[in-house]
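A.B. asks: The structure is given below, and queries will be raised subsequently.
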């Protein structure tokens, strides 16, 4: 799921720690996380609309690999057996460069699952716009916020696939209730709570930015969360570079993040350990009561140690990143988009299938997953955190914005923004210097 | 994939090869029919043509295109003149790449050759020389990526719990704080160089050891009788005698260093100030989608190799003349 998930897989696999499986979304015990696939999904009558695709082969390229890819293909298998089509899926650890090489070389896959809308728009000339059917499925299935990210120059090209909620703060429900702490609803309450916890002798926050070659990305999510809550307009202008990266509003937002991330009383083990603490393990001290909160996306639910109970009544759970302005209801998200490079009938049918409620309901049950598809039953999700995430993501009242670093050009979003965060967290650069340097790297 | 698929594919390949040979033979037959005076030239042309075509398609055309692309914008649509080159020498990140590459091509060939030479001299004529040589040559058999992963474990850092990296565990044992080695710029550059030196020392040792065998014992004995000290013998007799072998080793390692991609890619991905030319070229062109800058990096890389190649060709030519 999105860049961050893939990075976590890379980082975990590279460091060969026991986490590898968990980081890639593998359920610890397969039986627990898999529900019964709904009868609808296995009933071939529901696939009649896709016609007979016997002998057709559709190639799909994505960044999803390993267990998560197996679970995804399981949800596709009913489509395959009912229509006779064969879907050849290829998961790539180097999705960005593979896509470019394949498209430039005239060897594009029929369908690509893009984790970054910005990357997708680079290929707009080669993409096949969404057909009427796909468009109506997408309009019925996703809110306008989502469709905007699948739209290039006014034309809808891609419907979303998976979605994950990023504006989550992980905490221990029992630790909170034992000490009488309330889940904060606003930024001011969050700071007040942090002060209370600090006064009680516990460091309120656990933070870790280390992620191998992508070190720094967890920091970009912090900044994005805060900018988004200053106002969606500011966020959109910032991400599309209508205002510079070093705009005073952005610098203020970075300073605001600093009130937590650069406060020695707030950060477990001290602020100078942020850039060297691996994000995969950064939240673990919550389990020992050494810190109280850890900001990380919904996929972090799969990264806790094996015997952790992730639920509202268990060891850890998440609450939504609080709003700064009253009445706001925002969520930072990540996800994939289903774009096609081929206009054949079989590809069109797969696109329609991947945008259907039928598929999204089935996929929720083949493994830990969350989606923003309207009409699905969030309770189909296999883990409490995915039920929670899917509830929020499918709520049309929630204003959704995509992870900004995935929308910015690669030079910024996958390079200078990361390094900037590391230098800032290390105290080598002030908020202004960091913003100036990132602005200078914008192509 | 089943067997019929394979026969389909390889059957096609076989047909292609047979057709290629048939066309060549037919052309050869035609050339044979030409008049006696033109015959040898025509035959030469027939046999050279495939090689020339492959060179043009596979080497000359891409090189020219890369050069042209380096004057165009990131998406290759707009002519920008020398902008990419001015970026390469003014942008701090790009400058860092050039500085790192400079450090690599100075330090790695120097240290690899020096360590290899010292090692070769020390083990020369000793008992178990072969074993010593085999030991230091072993890393040569490991791929760059494999070596990088091995060393990544050595430098491994974990924020909490037991250190699984050798270097950090050693630090813990002597009571020091573990260090996140690969994030510590600029020292991480040297840690990456260690990997390449570790690989190349074996190569240097084997070549230089063979060269040492070729130094005539008469000269060494004569020097010793004349009262030269061991270090004088080393500097004034041994080194000049194997000078050409040393140059070959240094140049080979130099070119390998300049092209270095795998170690940086596998260990840091070019982050934390460890990027080098060959890696940044790929990063710009394929990951960041900026073809112009990628091409510029490729041209700079090419420009750096040229003097060394010229030097090497001259060296070989001189040796051939001396040999005659």
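Any Cβ shown, glycine's included, is placed from N, Cα and C.
Look at TrEMBL and you will find B:98-314 tagged as domain 'ABC transmembrane type-1'. Summarising the annotation, TrEMBL assigns transmembrane segment to B:12-31, B:43-64, B:102-122, B:134-154, B:190-212, B:233-258, B:295-314.
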A.B. asks: Check the transmembrane segment (B:43-64) against the transmembrane segment (B:102-122) for contact, please; criterion is three or more CB pairs under 8 Å, pairs 6 or more apart in sequence.
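C.D. replies: Contact between the transmembrane segment (B:102-122) and the transmembrane segment (B:43-64): absent, because fewer than 3 Cβ pairs are under 8 Å.
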A.B. asks: Give the nonlocal contacts of the transmembrane segment (B:134-154) in its own chain as ranges (CB under 8 Å, at least six residues past its ends).
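C.D. replies: Distal contacts: 119, 164-167, 182, 191, 194-196, 198-203, 205-206, 262-263, 265-267.
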A.B. asks: At a C-beta cut-off of under 8 Å, are there same-chain residues at least 6 beyond the transmembrane segment (B:233-258) that contact it? List them, or none.
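C.D. replies: Result: 101, 104-105, 108-110, 112-113, 116-117, 121, 196, 200, 203-204, 207-208, 210-212, 214-216, 219-220, 223-224, 277-278, 301, 304-305, 308, 311-312, 315, 319.
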A.B. asks: Cβ under 8 Å, sequence separation of at least 6 from the ends of the transmembrane segment (B:190-212): give me the contacting residues as numbers and ranges.
C.D. replies: 103-104, 107-108, 111-113, 115-117, 119-121, 123-124, 129, 133, 136-140, 142, 144, 147-148, 151, 155, 181-182, 238, 241-242, 245-246, 248-249, 252-253, 256-257, 260, 263-264, 267-268, 274
A.B. asks: Which sequence positions outside the transmembrane segment (B:295-314), separated from its termini by at least 6 residues, show Cβ-Cβ distances below 8 Å to it?
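C.D. replies: Apart from its flanks, the transmembrane segment (B:295-314) reaches 63, 66-67, 69-70, 72, 84-85, 87-88, 97-98, 101, 105, 251, 254-255, 258-259, 277-278, 280-281, 284-285.
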